[in-house]
Amino acid sequence: MEFSQYDVNALMHITNRPSLVFTEGRGMWLTDNNGKRYLDYLQGWAVNCLGHSPQCVVDAVSAQVGKLINPSPAFYNEPSIVLASMLTKHSCFDRVFFANSGAEANEGAIKLSRKWGKVNKNAAGENRYEIITFNHGFHGRTLATMSASGKAGWDTMFAPQVPGFFKAELNDIASVEKLITDKTVAVMLEPVQGESGVIPATREFMQQLRALTKQHNLLLIVDEVQAGMGRTGELFAYQLSNIEPDIMTLGKGIGGGVPLSALLCREEVACFEPGEQGGTYNGNPVMTAAGIAVLTELLKPGFLQEVKDKGDYMAAQLRKLCVKHGLDGERGEGLLRALKLGKDIGPKIVEAARDLNPIGLLVNSPRPDLLRFMPALNVTTEEIDHMIAMLSEVLTKLGH
Ligand SMILES: *Cc1c(COP(=O)(O)O)cnc(C)c1O
């Protein structure tokens with residue numbers, strides 16, 4: 001292997017990686033160090049919303065790197081102002097804070113709602129700080145966002161962790177209502193649970209949540225790190241249910257692959273005072289220039305309709321695959337979809353698909369009985385057909 005002169009163990013072991021090294025990517029395709037090509041339905045974990053190395057991001061980043069990399073977050077820079085203005089213009093939010101990862105944006109959302117709960121105290125004059133989140137939800141890997149996540153064991157893995165998070169059940173409004181106390185300040189959820197296996201919150205549930213949070217003077221926080229930026233066929237997933245949340249976080253797709261995330265809120269909620277929030281790289285012009293390039297592309301006439309159409313097409317093809325191979329069905333929104341296998345063969349399929357020759361297929365199995373698809377939003381129908389054919393080949397090979 002071309003890389004054997006280096007020690008792969010120099011990298012901290014935090015996940016089991018296959019012994020492959022990827023060297024190039026373009027659109028839906030990745031190439032490894034042996035020259036083998038892969039059709040990529042992971043796309044860097046749903047971050048490459050326009051595929052690998054899209055020309056518009058390459059051009060925007062190259063131009064900005066040559067012009068100004070980082071004047072410091074203590075000064076204004078042009079790309080961050082432009083991107084913030086574009087985001088507020090096309091959403092129900094008024095203020096934007098840029099960060100570098102989804103977890104950091106969510107950490108900011110938690111801080112902002114706790115601050116708001118300090119300003120908007122309860123009847124007894126106490127600070128409100130409890131946040132209701134959801135079982136199986138995922139919000140990141142910092143101490144607070146792990147506590148907010150609903151993965152089994154995640155709130156105690158690095159104990160003592162951050163207290164104040166209580167877990168309800170998605171699509172069960174009574175389970176949320178039951179958890180409201182006089183210390184509750186917010187409800188936080190993914191409009192489509194991603195890591196837990198692509199489970200959409202229903203329109204009805206989102207509307208019930210909005211009504212319930214208004215009634216109790218609670219903030220509604222949507223974590224759109226995975227489901228935002230066109231992924232569902234709407235620019236933002238909350239738009240699917242015609243509601244207006246108070247706070248939203250964006251990540252993954254917003255940078256088209258580079259580290260960029262955002263915390264957005266309505267003006268009434270923007271209660272940080274100078275010194276309470278910040279970060280060295282936050283809102284730097286290189287990453288926000290990438291964000292402008294991405295958002296400009298998503299806003300082109302017809303782009304989001306195409307995402308919806310491709311999502312429908314992919315859903316139909318996945319349902320045909322289910323009939324052919326006796327699988328359980330599919331679900332999702334737009335181009336965030338999952339295939340229900342009905343048995344725990346996900347990890348085996350992931351491996352066999354990767355090992356196909358001469359072309360491999362990259363898919364993800366967030367749960368052993370499920371495959372998840374996070375293609376580029378500009379994936380072609382041919383690339384969807386190609387993926388379905390390869391999956392069918394793998395299923396046949398494995399005897400299903
Ligand atoms: C990926 C993800 C995060 C964490 O984002 P990072 O950039 O990995 O910190 C948070 N919330 C959701 C819904 C995600 O999918």
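Note that Cβ sites are derived from N, Cα and C of the backbone, with glycine treated the same way.
Long-range Cβ contacts of PHE138 (pyridoxal 5'-phosphate binding site) within its own chain (separation 6+, distance under 8 Å): SER149, GLY150, LYS151, GLU190, GLN193, GLY194, GLU195, SER196. Summarising the annotation, TrEMBL assigns pyridoxal 5'-phosphate binding site to GLY102, ALA103, PHE138, ASP223, GLU224, VAL225, GLN226, THR280.
The N(2)-acetyl-L-ornithine binding site annotation in TrEMBL covers ARG141. In the three-state DSSP classification, ARG141 (N(2)-acetyl-L-ornithine binding site) falls within coil. Sequence-distant contacts (6 or more apart, same chain, Cβ under 8 Å) of ARG141 (N(2)-acetyl-L-ornithine binding site) comprise ALA103.
Residues or ranges marked as N6-(pyridoxal phosphate)lysine by TrEMBL: LYS252. The number of other Cβ atoms within 10 Å of the Cβ belonging to LYS252 (N6-(pyridoxal phosphate)lysine), over all protein chains shown, comes to 27.
In this view, VAL225 (pyridoxal 5'-phosphate binding site) is surrounded by 28 other Cβ atoms within 10 Å of its Cβ, with every protein chain counted. Ranking the binding-site residues GLN226, THR280 by how many other Cβ atoms lie within 10 angstroms of each Cβ puts THR280 at the bottom. Under the DSSP three-state reduction, VAL225 (pyridoxal 5'-phosphate binding site) is assigned to coil, being neither helix nor strand. For GLU224 (pyridoxal 5'-phosphate binding site), applying a Cβ distance below 8 Å and a minimum sequence separation of six or more within one chain yields GLU190, PRO191, PHE236, ALA237, TYR238, MET248, THR249, LEU250.
Neighbour density for ALA103 (pyridoxal 5'-phosphate binding site): within 10 A of its CB lie 24 other CB atoms from the protein chains shown. Least packed by the Cβ count within 10 Å, out of the binding-site residues GLY102, ASP223, is GLY102.
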